[in-house]
Amino acid sequence: MGQSVVVLGAQWGDEGKGKIVDLLTEEIGAVVRFQGGHNAGHTLVINGKKTVLHLIPSGILRDDALCLIGNGVVISPAALQKEIAELETSGVEVRSRLKISPAAPLIMPYHIALDQARERAAGGKAIGTTGRGIGPAYEDKVARRGIRIADLHYPKQLEELLRTALDYHNFVLTNYLKTDAVDFQKTFDEALAFGEYVQPMKSDVAGILHDLRKQGKRVLFEGAQGALLDIDHGTYPYVTSSNTTVGGALAGAGVGADSIDYVLGIAKAYATRVGGGPFPTELDDEIGQGIRDRGAEYGASTGRPRRCGWMDIVALKRAVAINGISGLCITKLDVLDGMEKLKVCIAYEYNGKRTEYAPLDAQGWEECTPVYLEFPGWTENTHGITNWDDLPPAARAYLRSLEELAGCPISIVSTGPDRDHTMVLQDPFA
C-alpha cells in the first residue's frame with residue numbers, strides 16, 4: 001500500500017505549508033488540495049525564485065507530480081485560469097497534470113459581491129475575510145443551491161440553477177445590502193465558457209487517490225489556512241468556512257481514515273494571525289513589529305500585515321489533539337535571530353483560574369491572559385542552516401522545549417524561505 005501524509009497548519013494559517021509541501025513532493029505520486037479556495041496563498045522559493053500559488057497544489061513545480069483538486073475546494077473560474085496562465089507562461093506545464101473533481105463547487109460573481117458587501121456592512125465587526133466569495137460559496141454548497149463543476153456541462157440545468165441562485169442572491173444584494181444586482185446573461189456565458197475550458201481537467205479525484213494507494217504511490221494532502229481557523233474547531237465566528245483540520249482531508253478528497261498514515265502540523269517558531277479574532281499572545285509593540293518586518297509577515301493573497309505574537313503552546317496543543325498530529329514542522333526559526341529573550345505561552349488565566357485548555361468560543365479566548373515561560377534568545381545567524389548540530393545551543397534548547405511542551409516530536413525545521421533552507425529530522429514518508 002502507498003503512504004499518505006496530510007500537511008496542515010497548526011496555528012491561524014500562513015505557517016509555511018507551501019514550502020514544506022514542495023519539499024516533500026520529491027518522488028510523489030500526487031498532491032491534493034482538499035479545502036479552501038483562492039484565499040490560500042502558498043509561497044514557494046526555489047533557487048531564489050518566488051512563486052505564490054492560491055488554488056493549484058504546491059506540487060505543480062515538481063515535473064512528475066500529479067496535482068489534484070478535491071470536492072472540498074471551492075473554485076473561482078477566473079482565479080484558476082489566471083493561475084494556470086501565469087504558471088504556463090513561466091514554463092510550468094499545468095493542464096496535463098491537473099485533475100479537478102466534478103463535485104467541486106464554483107465561486108460565482110454573486111458570491112464575491114455578497115462577501116464584499118457584507119464586510120462593508122459589518123464595519124468594525126467584520127470577520128476580515130479576503131472578500132473573494134469563499135464563505136458565500138460554501139453557504140450555497142450546504143444550502144444545496146451551489147453550482148458545481150459537473151453542472152457546467154448541462155446548459156439547461158445550469159441555466160435553471162443560475163436563475164434560482166440569482167433570484168435569491170440578487171434580492172439580498174439589492175434590498176438588504178443596498179448594492180448592485182449581478183447580471184444573469186454575463187454570468188451564464190462566463191460559466192459556459194469555463195465549462196469548456198475545465199472539461200479536459202475534470203476527473204474522479206477520489207478514484208484516482210484510491211488507485212494510487214493500491215499502486216503503492218505516495219500521496220500528499222495539502223491543507224490551506226490553519227487548524228485554529230476551522231469552521232468547527234476554530235475561534236468561531238472568526239474562522240474560515242471549511243474544515244481545515246484532518247477530517248477535512250478525508251471528506252474533501254474522498255478517502256477513508258485508513259488512507260492517512262501521517263499528519264504533519266506546520267507551526268511558526270512564533271505566532272501570527274490575519275484579520276479579526278482573538279490572539280492571546282499578540283505583540284502590539286516594537287517587538288511584534290520587529291517580528292513582522294524580519295519575517296515579511298504580509299499576506300501572500302491580500303498583502304495585509306499579519307498580527308504577530310509569541311508562540312502559544314495552549315493553542316498548539318489543541319491543534320495537535322484535534323488533528324492527531326504525528327510530528328511538527330517549525331518554520332521561520334531564523335526570524336527570531338538576535339532577540340535577547342523569547343517567551344512561550346504555556347497556560348492562560350481565565351475566569352480567575354489558570355488553565356492549559358483553550359476556551360471553545362471566541363469571547364472566551366478574548367478574556368484569556370497568557371502565562372509565559374521565558375527562554376534565552378541567541379545572537380547567532382540560523383538562516384539557511386540545514387544541520388541540527390550547527391544550530392546555536394539556545395535555538396536547539398528552544399526547539400526541544402517546544403517539542404516537550406506541545407507533547408509532539410519535531411520532524412522538520414525550516415530556517416529560511418528557500419526549499420533548501422530546511423533540516424529534516426524525521427521524514428514523514430519514512
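Here the Cβ of each residue, glycine as well, is placed from N, Cα and C on the backbone.
Taken from Swiss-Prot, the feature GTP binding site covers 13-19, 41-43, Arg306, 332-334, 414-416. Cβ neighbours within 10 Å of Asp14 (Mg(2+) binding site), excluding its own Cβ and spanning all shown chains: 27.
For Gly41 (Mg(2+) binding site), the count of additional Cβ atoms within 10 Å of its Cβ stands at 19 [all protein chains shown]. The feature Mg(2+) binding site is assigned by Swiss-Prot to Asp14, Gly41.
Swiss-Prot lists Asp14, Glu15, Gly16, Lys17, Asn39, Ala40, Gly41, His42, Thr130, Arg144, Gln225, Thr240, Arg304 with the feature IMP binding site, giving sequence analysis as the kind of evidence. DSSP assigns Gln225 (IMP binding site) to coil in the three-state reduction, outside any helix or strand.
Per Swiss-Prot, active site, proton acceptor is recorded for Asp14.
The feature active site, proton donor is assigned by Swiss-Prot to His42.
The number of other CB atoms found within 10 A of the CB of Gly303 (substrate binding site), across every protein chain shown, is 8. Annotated substrate binding site per Swiss-Prot: Ala300, Ser301, Thr302, Gly303, Arg304, Pro305, Arg306, in sequence order.
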Shortest C-alpha distance to Gly41 (Mg(2+) binding site) - which of the binding-site residues Thr302, Arg306, Leu333, Thr415: Thr302
Gly13, Asn39, Thr43, Thr130 filtered to the binding-site residues whose C-alpha is within 10 Å of Thr302 (substrate binding site): Asn39, Thr130
Whole-number Å value for how far Asp14 (Mg(2+) binding site) lies from Asn39 (IMP binding site) (Cα to Cα): 11
Of Thr43, Gln225, Gly303, Arg304, Arg306, Thr415, i.e. the binding-site residues, those within 10 Å of Asp14 (Mg(2+) binding site) when Cα atoms are compared: Thr43, Gln225, Arg306
